[in-house]
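Data first, discussion second: the structure below is written as structure tokens.
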């Protein structure tokens with residue numbers, strides 16, 4: 001090429017340093033002196049001096065033009081990006097395989113998150129005053145006597161500790177004197193009365209008091225702090241340009257933060273309150289734009305909020321209402337240093353509300369450091385407790401038996417009309433492997449864990465909520481904060497490392513006042529957690545698997561295999577453990593012992609039969625035969641055998657009138673035993689059989705058996721057929 005063409009080509013290819021620096025400076029709002037210092041950085045040469053450091057009242061990171069912005073990820077569902085769970089993957093938006101000029105060095109990071117944030121020295125005399133007590137006691141509440149207050153708290157299992165004088169609890173939403181637009185949304189969502197944590201939490205939060213709320217999962221804690229926050233914000237001056245949020249909610253995971261933001265949007269839009277949700281794993285641009293426009297409510301995970309505070313994208317000067325949601329979970333995830341850095345940026349006379357499901361010493365220490373003269377509200381037992389609306393079934397098995405038992409259990413669950421199920425596993429690899437195996441066998445399963453990109457996690461949760469994929473396999477990233485109302489089953493494929501995680505896992509079902517069932521596979525390798533699990537079961541009045549008791553008594557000797565015969569040699573009358581054991585065996589033994597399941601997999605059925613199977617309408621069409629011979633085990637006909645089974649000694653009449661009792665057809669077309677006959681072989685003659693599971697709380701009026709009260713029908717399918725007669729030679 002002639003040399004005369006080199007210079008023009010270079011002029012075209014090389015961008016002007018001054019223009020690029022001016023573009024960056026105008027986007028970041030830098031001054032002229034800063035643009036001059038940033039100009040050499042756009043096209044560095046060997047002689048160029050290093051950029052000068054500009055001193056600001058607030059530290060602000062200057063973006064380097066040499067580092068290119070990442071392209072959008074074109075394949076968000078096919079790549080594994082980032083590491084860790086929750087918010088720890090907040091640095092995913094740096095250049096990687098999807099960025100231009102791949103292989104470039106990532107931007108320089110400081111050693112610890114929040115290292116550049118300095119603790120502010122507050123002078124309360126110079127800070128503007130603000131009001132935080134807006135509670136006006138309703139006349140109906142004011143007329144309550146001390147005795148009636150104590151009875152109301154006892155009935156709702158509310159315990160109040162600390163503080164000078166605690167307001168009386170409310171027992172209706174209008175007692176809290178919320179604005180009419182808030183009451184309208186409550187009525188639209190068909191809320192009739194506040195939950196126990198809301199009964200005492202509303203008066204405390206509206207009074208401007210610091211408080212700690214300890215309650216089980218799904219107890220309505222989100223509304224307990226968001227509705228008072230709306231009242232608090234509406235009594236503050238309007239935001240001005242450059243102001244940060246008035247209400248800050250810290251949450252441990254992205255999923256919980258998004259759910260809180262959805263609730264805040266539902267209740268705040270009528271009063272034109274703006275809210276935003278900032279979390280890692282998502283693009284920073286939209287989140288920064290929301291903060292720059294001004295939001296009254298900010299729901300954030302600690303890591304991403306630290307990033308924005310360090311870079312000067314937001315500030316907490318106007319924050320007067322601080323909420324720490326799932327405080328115990330944030331400490332478990334190692335966010336305590338970030339939380340302390342964030343709280344140091346907020347004025348000390350703020351109102352602080354801390355919410356947790358457990359009360360370990362780490363959470364107590366955090367409350368002592370952040371809260372002033374606080375009142376503690378406990379709903380239920382202060383000890384670790386599970387939701388009493390959850391039926392807990394523990395199956396003691398070996399590690400190698402889990403897959404087989406899981407498939408048998410899923411065959412039973414998928415026959416239910418409401419069959420949304422969450423399966424919890426311990427590791428990300430097992431989560432992917434189990435999902436791959438189940439999908440290969442035709443199960444509509446999807447998975448979620450910390451290595452999934454945020455778009456994929458959102459997509460999976462939407463598919464799960466809509467019912468298109470009723471099986472969700474997850475790690476502990478979803479064990480807290482995931483709020484899906486109609487989850488009916490939770491399966492602990494792997495038992496968690498602590499009883500606290502167990503309680504939060506099974507708490508994904510039976511949200512609010514619903515019922516649910518939790519299955520747990522417990523292996524001898526989980527022996528260290530056995531005693532704590534038994535305490536949780538006893539506190540919830542659940543029957544305890546005798547294998548689990550034997551595992552504790554014998555320190556895991558034999559894996560619980562020998563205890564079976566020991567318990568079965570005793571009388572089965574009035575033995576709740578035996579009835580529990582029989583029910584677990586009947587549910588989980590499957591085809592091998594002649595159970596209620598056919599050998600065909602969910603994926604092997606035709607579209608018509610599969611739809612009927614998923615809708616709980618039986619096994620395919622009403623006239624389809626179940627077994628090798630037509631009419632042998634005909635479902636949907638009202639009896640368990642239209643023809644004789646085997647020889648003449650096993651006739652249909654003898655079977656219907658024998659030990660198994662007569663059967664009746666339910667509305668769904670499935671055959672089930674009546675409650676008076678299902679235990680005909682258990683108990684003493686002339687004595688009313690005990691309800692299955694022997695739950696020790698009051699049975700509702702009109703209920704004929706307790707298992708129906710706990711969310712399951714007594715027997716959804718007919719009993720197994722009798723064994724064939726011995727062959728005669």
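Residue positions begin at 1 at the first shown residue.
Including glycine, each Cβ sits where the backbone N, Cα and C put it.
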- Message: Annotation phosphothreonine per Swiss-Prot: which of the candidates 145, 523 has it?
- Response: 523
- Task: Look through 16, 64 and state which residue has the annotation phosphoserine in Swiss-Prot.
- Result: 64
- Task: Out of 26-54, 113-141, 171-199, let me know the one Swiss-Prot marks motif 'Q motif'.
- Result: 171-199
- Message: Which residue does Swiss-Prot record as N6-acetyllysine, given the choices 108, 155, 515?
- Response: 108
- Task: Look through 94, 568, 597, 684 and state which residue has the annotation omega-N-methylarginine in Swiss-Prot.
- Result: 684
- Message: Per DSSP, what is the helix/strand/coil residue tally across the motif 'DEAD box' (325-328)?
- Response: 2 helix, 0 strand, 2 coil
- Where residue 129 (SUMO1 cross-link) and residue 121 (N6-acetyllysine) are concerned, what is their Cα separation in Å, rounded? 17
